[in-house]
C-alpha cells in the first residue's frame, strides 16, 4: 500500500509541476537528479547490509522514472517531429560546448526505457551485500549518464555522456563479476574506450567544419553541407564506435565475456540499455547527420545485420553456458535493428526503433532470470542443470513466457518489431528485388533457429537429465515475490506493445518519417546497380498507424 500511495503522490506532484511550471527542466532533472543523489550515498553509515542504501537507491530510481514519465505526459507532442523539451545553456562558450538537452521521437522512448529498466535493476540488486554503497552509487551514475546519451543535443556533450558510463560498467564487472571478471572488464574497457576516440574525432571534425567558431549542436550539424568524402570518413569512424556498442559482428566479442561474468542487475543494464545506445547513435548520427554516406553504406548495414542474425543464432545454438547463450541471442536480435536502419522505408526504420524497445524489455527479463536461476543452481552449465522443473514451477512459467517473447511469438512485442523490419525491407523499392529476396531469405534462417535453441534450452534446464545435487537439494526454492514482480513489470509492456504497438510507435512516427525523407533525397543521386534500383527510390513506404 505504501508504494501505491508513494506512486500516486509522485504522479500528482509531477502533474502539478507540469501545470504550474510550464518550462520545468524535465530532462535536466532526469539526468542530474540520480547523479546528484549518487554522491549522497557515501554519507550513509557503513553498518549492516546496506538496507538504507537500497531503499534510497530504489526511491531515487523510481522518482527518476516518474520524472521521465512526467516529461512525456506534460511536454511531449507525438505529432511534432522536431526536438521538444529543449533546454540550452552556454556552458563553455569558448569551446563551443553548450548544455543542450531535448527529446524527439527517437530519443523519448529510449529515455523512458532507461529509467524503467534502471528502477527494476535496482530492485533486482536487492540481494547485493558486498560493498552495497559503491554498487548503488555506480548504478545511479549510470542511470543519469544513460539518460543523457539519449537526451543531449550537442555532439561533444554526447561524447562526454557516452564516456560517463564506461567506468561504472567496468567497476560493476571487475568488482562484482564472476571468476574471470578482470578479463571481461578489461576487454570491455579496451573495446568501448578504444572505439570512442572515433566519436571524439568525428565530433571535432563536424563541429569545426567550415568555421573557426565550433558549434556541436545537432540542429546546426543537421543543416551543414558536409562534402561526400568528409561524410564517408566520419561515417566509417562512427560506424566502428557504435558498432562496438550495438554490437556488430565481428566487433562483438566483448559482450559474451561481459555477460558471462556480470551479475543480474548489470545484465539488465547491459542488455536493456547499453546495446540500445549503439542503435540510437547510428540513427541519430549516421542516418540523420550524414545522409549521403548513409545512402552508400546502407547495403553494408543490411549485410551486417543478416550476418549478426545468422552467426549469433548459430553460435547461441552451440553454447553450453546459459549466460553466453542468451548473450549471443541478444546479438542476433540486434541484427534486426541494423536491417531496419539500413532500409529506406519508414516501416523498416520504425521497426528498428520498436525492436530496440522490445529487446530492451525482453533482454532484461531473460538475463534477470539467468541470474535468479544461477543463484539457486550455482551453475551456468546446461549439462549440470536438469530436472528442476518440479521444484521450480513458477520459475519455469516465467522462463517460458520470456522465451516465447524472445522467439517473437505473435501477441508479444518482438513479433511486431521483427515483422515491421522484414516487411519494410522486403517491400522497399530502393533496393533491387534479388538483393531483397536474398537478404530476407538468409535472415529467415536466424528466425527459424531462434525457437530451436530457446525451447531446447528450456527443456535442458527444467526437464533434462536430472542432476541429483539439484533435485535433492532442500534449499532449491521457487521464484520469490520480488522476482515475480520484476518479470511481471517487464512482461506487461511486452504483451501490451505486442497487442497494441501504437503505445510506442505513435511517439516516433513523425520523427522517423522525416528522417527517412531526408535519407531518400540522398539515395536519389545513386545510380542503378545490382543493389540499388535507381529511379524507383522516389517512393517511401510510410510506417503503419496500427
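Even glycines carry a Cβ here, placed using N, Cα and C.
According to Swiss-Prot, the feature transmembrane segment maps to 24-44 (among others).
Here Swiss-Prot flags 56-76 (among others) as transmembrane segment, drawing on sequence analysis.
Residues or ranges marked as transmembrane segment in Swiss-Prot (evidence: sequence analysis): 132-152 (among others). Outside the transmembrane segment (132-152), and at least 6 residues removed from its termini, the chain residues within Cβ reach (under 8 Å) are 27, 30-35, 37-39, 41-42, 44, 46, 49-50, 53-54, 56-57, 60-61, 64, 68, 100-103, 107, 110-111, 114-115, 118, 121-122, 125, 158, 161-162, 164-165, 168-169, 171-172, 175-176, 265, 269, 273-274, 277, 280-281.
Per Swiss-Prot, the feature transmembrane segment maps to 156-176 (among others).
Same-chain neighbours of the transmembrane segment (188-208): 96, 155-156, 158-159, 162-163, 166, 169-170, 173, 214-216, 221, 224, 226, 230, 233-234, 237-238, 240-241, 243-245, 251, 253-254, 257-258, 285, 289, counting only residues six or more beyond its ends whose CB sits under 8 Å from a CB of the stretch. Taken from Swiss-Prot, the feature transmembrane segment covers 188-208 (among others).
Tertiary proximity for the transmembrane segment (232-252) is limited to same-chain residues at least six positions away from its ends with a CB under 8 Å from its CB atoms, namely 191-192, 195-199, 201-202, 205-206, 226, 274-275, 277-279, 281-282, 285-286, 290, 293-294, 296-297, 304, 307-308, 311-312, 331, 334, 337-338. The transmembrane segment feature in Swiss-Prot is assigned to 232-252 (among others).
Sequence annotations record features per position, and here Swiss-Prot assigns transmembrane segment to 263-283 (among others). Beyond its flanks by at least six residues, the transmembrane segment (263-283) meets 106-107, 110, 113-114, 117-118, 120-122, 124-125, 128, 139, 142, 146, 149-150, 158, 162, 165, 169, 172-173, 176-177, 238-239, 241-247, 255, 301, 323, 330, 334, 337-338, 341, 349, 352-353, 356, 359-361, 363-364, 366-368, 370-372, 375, 515 of its own chain at Cβ-Cβ distances under 8 Å.
Residues of the same chain lying 6 or more positions beyond the ends of the transmembrane segment (297-317) and with a Cβ under 8 Å from any Cβ of it are 235, 239, 243, 248-249, 252, 282, 286, 325-332, 334-339, 341-344, 425, 431, 435, 439, 442-443, 445-447, 449-450, 452-453, 519, 531-532. Annotated transmembrane segment per Swiss-Prot: 297-317 (among others), in sequence order, evidence recorded as sequence analysis.
Among the features that Swiss-Prot reports, transmembrane segment is placed at 326-346 (among others).
Feature annotation from Swiss-Prot assigns transmembrane segment to 396-416 (among others); the stated evidence is sequence analysis.
For 437-457 (among others), the entry in Swiss-Prot reads transmembrane segment, with the evidence type sequence analysis.
For 484-504 (among others), the entry in Swiss-Prot reads transmembrane segment, with the evidence type sequence analysis. Residues 109, 120, 123-124, 353-354, 357-358, 361-362, 364-365, 368-369, 394, 398, 401-402, 405, 410-416, 544-546 of the same chain, all 6+ positions outside the transmembrane segment (484-504), place their C-beta atoms under 8 angstroms from a C-beta of that stretch.
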